[in-house]
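Asker: Dumping the structure here so I can ask a few things about it.
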């Protein structure tokens with residue numbers, strides 16, 4: 001009786017078979033499992049542009065090239081080309097800018113839910129884990145194939161990136177209207193707080209990328225982390241917290257609560273969800 005194949009081989013065989021079969025079949029999450037969090041300070045051999053103008057976004061949003069020509073509906077996964085930098089013969093720019101970013105997008109539940117709600121807005125998921133990024137890319141590719149001819153899900157994309165290090169390499173000043181930070185790693189130990197995705201330094205980068213009037217959405221099931229994020233955003237001169245009435249009137253809040261994988265897990269476990277929204281205010285005159 002032969003030995004059972006190791007899980008890594010099963011995952012590899014599954015991904016190879018996906019490239020040879022119907023692209024409209026949704027990927028199975030069990031073949032893309034990875035540890036819950038990654039160390040943002042490690043060298044992950046990431047590929048990133050020197051500046052936003054060098055990024056070729058047409059690989060991730062093929063329906064929105066500058067020239068008005070629809071490119072083949074394809075997403076380059078990490079087994080092929082993690083990221084393409086524009087060369088002199090191809091601008092790599094889009095008809096419109098990315099306006100919504102989900103930092104640490106996980107398995108892409110929020111991206112997929114937002115796509116039909118804001119079909120004319122480009123949204124991007126940033127995820128540091130390789131297998132999870134590949135899953136989201138495959139899921140987007142399958143959803144586009146299932147909805148061919150409708151334009152659905154053409155407005156979302158996902159790349160592997162370390163948001164704590166390279167956010168300004170991808171995004172221009174005042175480019176974004178929304179930033180989502182959903183169920184981030186709480187890093188409970190005090191010596192690990194420097195790895196939290198919300199800090200005075202990182203909030204300045206969010207303020208750089210977010211236009212005046214833009215919103216940062218935060219949600220967590222860890223109350224001390226919720227308090228930490230609120231304190232750091234309120235203390236930053238570029239942000240003000242929205243009132244509870246404003247939060248309840250924002251349709252994205254309910255989506256954020258119910259459509260992320262972590263949000264569903266908290267609901268199943270009957271846990272609490274702590275939400276806070278922060279508005280980017282105008283810079284003072286210099």
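In case you wondered, yes, glycine gets a Cβ from its N, Cα and C as well.
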Asker: Which residue of 104, 149, 151 does Swiss-Prot report at the same S-adenosyl-L-methionine site as 127, 128, 162, 163, 182, 260, 261, 262?
Answerer: 104
Asker: Which of the listed binding-site residues (163, 260) has the least company, meaning the fewest other Cβ atoms within 10 Å of its Cβ?
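Answerer: Fewest other Cβ atoms within 10 Å, among the binding-site residues 163, 260, is found for 163.
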Asker: If you run the three-state DSSP split on residue 185 (active site), which class comes out?
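Answerer: Once the DSSP labels are grouped into three classes, residue 185 (active site) ends up as coil.
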